[in-house]
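Colleague: First the structure, then my questions, so here it is.
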Amino acid sequence: MLLLLIPVLGMIFALRDARAQSVSQHNHHVILSEAASLELGCNYSYGGTVNLFWYVQYPGQHLQLLLKYFSGDPLVKGIKGFEAEFIKSKFSFNLRKPSVQWSDTAEYFCAVN
């Protein structure tokens with residue numbers, strides 16, 4: 001059985017105005033068996049219009065954009081089978097993947113702008 005260790009960190013982008021915001025991620029380290037489903041929680045505190053992002057950093061590589069939400073359909077499809085759902089009433093943008101692979105081992109970052 002292969003296990004995935006997925007460290008999860010939060011990131012905040014600065015706004016152009018003075019309103020405060022923050023991001024919190026529920027899962028700081030996740031260990032999963034290969035083919036298990038993954039859900040990483042991300043909540044933000046900001047009442048205005050937001051742009052939401054998930055980034056991934058694979059071992060030894062640079063940070064790369066996994067998916068983003070600006071407006072429209074709240075279910076966002078990303079690369080490599082990842083998706084995230086924007087739920088405005090809960091201030092959440094949770095990342096999901098129905099079946100993780102060993103190659104998904106990485107650090108995942110939720111961000112709001």
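A Cβ is built for glycine as well, from the same backbone N, Cα and C atoms used for every other residue.
Given the structure is predicted, the values throughout are model-derived calculations rather than measurements.
Found this in Swiss-Prot, in case it helps:
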type     : residues : note
DISULFID : C42-C110 : disulfide bond
DOMAIN   : 21-113   : domain 'Ig-like'
CARBOHYD : N43      : N-linked glycosylation site
SIGNAL   : 1-20     : signal peptide
Colleague: I'd like the per-state residue tally for the domain 'Ig-like' (21-113) from DSSP, helix first, then strand, then coil.
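Modeller: DSSP classes over the domain 'Ig-like' (21-113) add up to 9 helix, 48 strand, 36 coil.
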Colleague: Over the domain 'Ig-like' (21-113), what is the model's average pLDDT?
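Modeller: Across the residues of the domain 'Ig-like' (21-113) the model's pLDDT averages 89 on the 0 to 100 scale.
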